[in-house]
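**Q** Below are the structure tokens for one structure; questions will follow.
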Amino acid sequence: MTIQWFPGHMAKARRQVTEKLKLVDIIFELVDARIPISSRNPMIDEIINQKPRLILINKADMADPVQTNQWITYFEQKGIRALAINSDKGTGLQAIHKVTMEILKEKWDRMESRGIRPRAVRAMIVGIPNVGKSTLINRLVKKNIAQTGNRPGVTKAQQWIKVGKEMELLDTPGILWPKFEDPEVGYRLALTGAIKDTLLNLQDIATYALRFLETYYPDRLKSRYEIEEIPDDLVQLFEAIGKRRGCLMGGGIIDFDKTAEVIVRDVRNVQFGPITFDLDLLERPAESSNE
Ligand SMILES: Nc1nc2c(ncn2[C@@H]2O[C@H](COP(=O)(O)OP(=O)(O)OP(=O)(O)O)[C@@H](O)[C@H]2O)c(=O)[nH]1
């Protein structure tokens with residue numbers, strides 16, 4: 001899905017999530033394991049207010065597992081439970097219900113002490129575009145409900161999807177916008193496929209990826225493109241990769257656009273192995289004042 005986030009659209013998205021909040025006991029906030037902070041909505045705390053929440057760090061198969069564990073600790077130190085999952089394969093999903101019941105224990109105990117019979121937990125998934133919301137819903141219900149229930153122009157009541165006997169999910173997830181203001185975050189969103197390529201210059205995105213790989217994963221960069229030494233000069237690096245990958249125009253001149261495309265595609269297709277891009281955001285003042 002392609003979304004342009006105009007202020008009006010943001011207000012509408014926010015309103016839709018806020019309206020549904022009162023229907024659920026808990027929010028499942030889906031983030032991308034490669035960018036657990038950059039893939040969060042900047043106003044999420046304000047939007048979901050005091051509602052209990054579980055952060056689901058999705059696409060864990062594409063991220064560095066050591067980093068993912070550190071992110072889980074990070075969130076838990078802030079008092080938010082977090083789980084690493086892979087919605088594509090269904091890994092880690094079994095723990096969702098158990099942890100949800102731990103989060104909601106007090107509320108459930110209170111209900112029980114007032115003689116209210118235990119009922120299924122009601123939950124809603126929220127997250128930025130492409131983070132895997134529909135995949136997760138489909139996995140949880142093991143059917144292809146999420147997409148088919150979402151035809152435009154079809155007026156429908158709020159639908160609940162049963163996940164086992166003990167949980168019910170809203171069939172439409174809440175789509176929230178990512179942080180746009182920070183260019184670094186923008187590149188990371190582009191590299192993980194959360195925003196359209198046309199929003200940023202492809203050569204800039206590729207340059208960002210190369211610099212990142214050079215800094216944190218130089219061996220993976222060298223081995224992917226069979227380069228002995230990474231040249232300091234960016235043009236030379238592009239040329240070396242372009243030559244290796246046959247990105248040439250007439251006369252043997254390197255096609256920089258094509259080379260950029262190859263690099264970005266390789267990152268998205270995990271050709272450099274699992275990578276976490278949010279390595280250095282833990283101490284950002286903007287983030288800590290947000291939480
Ligand atoms: N490798 C991997 N891919 C995943 C995982 N979860 C989702 N995907 C892929 O990510 C892409 C986006 O998934 P969707 O479920 O369509 O994401 P969404 O959040 O519903 O997207 P919007 O409808 O744009 O809001 C798809 O190609 C999925 O197959 C995961 O855990 N691992």
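Each residue, glycine too, has its Cβ placed from N, Cα and C.
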**Q** Pick the one from GLY8, GLY174, GLY186 that TrEMBL also lists for the GTP site with ASN58, LYS59, ALA60, ASP61, ASN86, SER87, ASN130, VAL131, GLY132, LYS133, SER134, THR135.
**A** GLY174
**Q** Ligand 1: which of the binding-site residues ASN130, GLY132, GLY174 have a Cβ closer than 6 angstroms to it?
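**A** Result: ASN130, GLY132.
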